[in-house]
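Participant: I'd like to ask you about the structure that follows.
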Amino acid sequence: MNVLSRSCRLACAALMLFAATAKAEPEPAALVDQHHCMFCHTRDAPFLAPSFEQIAARYRNEPNARIMLEHKLRLGGKAHWGDMAMPLPADRGGPISAEDAHTLVQWVLSQ
Ligand code: HEC
């Protein structure tokens with residue numbers, strides 16, 4: 001009886017953990033698709049652009065980075081990684097609202 005309830009508790013905890021991580025993903029994914037972020041970026045391998053893991057590692061602990069990145073996503077700015085600046089939103093999927101930029105930057109920095 002004891003063993004049974006313990007293994008049930010473990011299984012339930014694992015299920016809940018899975019549900020929690022699975023739920024965290026889809027929200028920005030629609031935005032990421034809509035704005036073609038993965039056309040140039042990947043999560044973990046630099047390709048046409050730095051990977052989101054590299055970007056997260058560089059900015060995660062910089063208190064003002066979020067504001068700068070949200071601004072840059074919406075309005076552009078100078079290149080920080082090389083010669084090629086990120087194209088403006090109009091050349092990607094269309095304008096990005098302040099809220100969407102916030103969501104996207106939160107997501108990138110959590111990679
Ligand atoms: C057409 C290619 C392209 C697309 C599409 C693209 N990026 Fe980028 N991105 C780049 C390049 C190139 C850089 C490096 C620019 C630089 O040196 O600052 C970059 C840099 C970044 C940075 C770091 C900026 C900095 O100042 O360090 C973030 C954050 C970012 N991209 C997020 C996104 C998100 C979110 C999307 C989707 C909304 C997206 N990118 C779509 C090419 C792209």
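Each Cβ is built from the backbone N, Cα and C atoms, and glycine gets one as well.
Take a look at what TrEMBL says about it:
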BINDING   Cys37, His41  heme c binding site
SIGNAL    1-24  signal peptide
Participant: Report, as a single number, how many Cβ atoms besides its own are within 10 Å of the Cβ of His41 (heme c binding site).
Facilitator: 22
Participant: Report, as a single number, how many Cβ atoms besides its own are within 10 Å of the Cβ of Cys37 (heme c binding site).
Facilitator: 22
